[in-house]
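Okay, so here's the structure we're looking at.
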Amino acid sequence: MSLVNLNQLRDTLLGAGTNTILPFLQLFLLVLFPDAGPGSFPLPRSLYSHYDFIIVGGGTAGCVLAGRLSEVAEWRVLLLEAGGEPTLETKVPGLSPISYIPGYSQDWGYATVPQKYSSQNFANRAARQPQGRVLGGGSTVNAMYHVRGNRRDFDHWASLGNPGWDYLSVLPYFIKSEDYRGDPGVTAAYHGQGGPIGVTPAPITPLTEAFLQGGRELGYTVLDYNGPEQLGFSQASFSILKGVRSSTAEGYLRPAASRPNLHIMHGALVHKVLFTGKRATGVQFQHQGKVMTAQARREVIMSAGSVASPKLLMLSGVGPRHHLLNHQVDVVVDLPGVGQNVHDHVEVLGLSWTTPRLISTTSLRKLYTKDTQDKYRTERKGPLATPPFNFLNAWVKVSPEDDPLWPDIQLFFNSATIAYDVGLLSPALWGLDKKRFFEYMSDIYGLEGFSIRPILVRPRSRGTITLKSNDPRDPPYIDPQLLTHKYDVDTLVAGVKFALALGNTSTFMNNYQAKFFDKPLPSCAGEVYGSDSYWTCYVRHMSTTFYHLAGSCKMSPASDPYSVVDHKLRVRGVEGLRVIDASIMPAVTNGNTNAPTIMIAEKGSDIIKQDWAS
């Protein structure tokens with residue numbers, strides 16, 4: 001098939017996927033989830049004149065906060081979320097890739113500005129930045145990896161001047177949030193039962209065994225990465241409960257939704273926080289075409305995520321003075337750190353191995369069989385009950401710097417190459433330039449195989465989020481300035497070499513006859529293949545974000561000129577306003593960020609309760 005025909009077919013599939021196929025799929029899924037259609041989170045008939053707490057953003061953190069704060073019966077709580085209710089396909093783990101299709105209704109559709117030092121083989125040199133626009137936020141549309149991070153991440157937060165955020169202080173909140181459904185063995189003390197979020201280990205497959213054995217060949221142990229240590233190879237754990245996605249919308253918000261003191265307003269786009277002097281007293285928002293206000297007696301809590309929280313603070317007059325004045329925003333407080341310290345994990349795409357054994361298409365075909373659908377309908381088991389592509393993770397150390405047990409690379413393994421779909425959807429899903437993708441990957445279109453993506457988990461590059469305008473409907477400029485720090489590039493090059501060593505271990509070579517796709521990247525044709533300069537070029541062209549943006553409302557002491565919140569998550573320079581979401585992370589955690597965001601919200605809820613009790 002020619003590139004032109006493939007492009008036409010891809011464009012047809014992309015358009016059909018969001019506009020035609022999903023409504024039919026959702027009708028079919030009503031058979032599987034008869035009690036979970038539209039209306040699961042009904043809107044209030046009317047609003048109170050005042051609330052005790054207004055939570056801006058009903059994502060991962062916001063749903064936790066709404067559930068916990070409304071436990072206090074005398075507190076009136078209003079949750080405002082721009083998106084709608086979770087749609088049925090989000091419940092089925094095997095359908096999780098749908099949420100990454102461009103144009104998906106429950107995603108904000110963000111992208112970075114063009115990057116100078118990374119993403120050179122991507123359309124417009126920009127990286128996609130999916131963010132959930134739905135109750136539950138990322139927990140409703142993400143890949144469901146349940147990863148707490150490394151204990152040293154949190155000890156580092158505390159060492160920066162944030163008391164109470166060390167590992168031993170935050171561990172109880174991880175445990176509290178969890179309903180672990182596996183056999184934890186020797187790490188049982190690190191897991192919880194009966195919490196709001198189900199955590200289920202993935203099934204062990206022959207490919208899982210090969211991955212773990214490859215780690216052993218390279219000198220690493222097999223462990224529980226949510227236990228006392230993280231460095232090593234592991235079976236994956238997902239936020240899944242009894243075969244269904246376990247989001248904060250389901251685990252925290254649904255049990256609280258019937259409380260008379262909690263109002264849930266989805267489809268509500270917040271414009272700004274309202275102030276009386278320097279005290280936050282309410283919010284302005286738009287719902288069903290009408291601009292409305294809600295008043296807060298105690299606090300407004302910003303939980304809109306790492307993109308929208310700094311944006312809304314700035315639209316409200318809290319941020320860098322000169323930037324606000326440039327956009328005709330009245331300044332409430334000059335807070336230079338708002339929208340600074342922006343960073344993300346960085347992954348490298350394209351490292352692929354082909355194999356004559358059936359891996360990816362076999363698992364995909366199983367998703368669509370009647371037996372699979374019947375098994376899921378009756379037992380909530382089978383291929384639909386777990387994410388596709390046999391996702392696996394490892395954490396390794398490739399740099400000689402600092403603590404040897406503090407990983408700098410996360411390896412992401414899956415049972416398909418990036419070209420398994422002959423280029424129909426992959427370029428659009430990743431945001432890659434279609435022509436460059438074809439030039440590089442067309443030789444392995446449709447072939448069986450696997451891929452390994454090295455991910456930089458402790459980036460040193462820092463960027464910004466800034467206003468495009470003072471119109472709340474406009475997205476901000478997202479510029480993480482990926483790979484501006486030499487350490488990041490050098491570490492990813494070392495991570496690429498580790499990935500090559502893993503894919504070429506005897507377990508993959510002998511059991512799967514794996515062969516590395518060693519075609520030189522055309523964009524790096526001027527470099528000697530396999531040299532450090534070649535892999536540096538490769539990293540700069542094939543790197544993108546890992547969708548874990550953090551740090552834009554940094555938690556740090558007052559001595560830090562870029563501090564936005566203190567260790568109690570209170571916004572500096574004003575009263576009655578906190579930020580509680582991933583944006584407060586001084587440095588992003590080591591791995592996927594959903595579980596740490598839940599922890600932040602659990603701890604934040606307790607801080608609020610303790611503050612008002614006193």
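Note: Cβ is positioned from N, Cα and C throughout, glycine not excepted.
If you look up TrEMBL, you'll see 12-33 marked as transmembrane segment. Here TrEMBL flags Val134, Val270 as FAD binding site. Look at TrEMBL and you will find 305-319 tagged as domain 'Glucose-methanol-choline oxidoreductase N-terminal'.
Per-class residue totals from DSSP over the domain 'Glucose-methanol-choline oxidoreductase N-terminal' (305-319), listed helix then strand then coil: 11 helix, 2 strand, 2 coil.
Confidence across the domain 'Glucose-methanol-choline oxidoreductase N-terminal' (305-319), taken as the mean pLDDT and rounded to a whole number, stands at 98. Sequence-distant contacts of Val134 (FAD binding site), defined by Cβ-Cβ distance under 8 angstroms and a gap of at least six in the same chain, are Glu81, Gly83, Gly84, Glu85, Pro86, Thr87, Thr90, Gln106, Thr140, Val141, Ala249.
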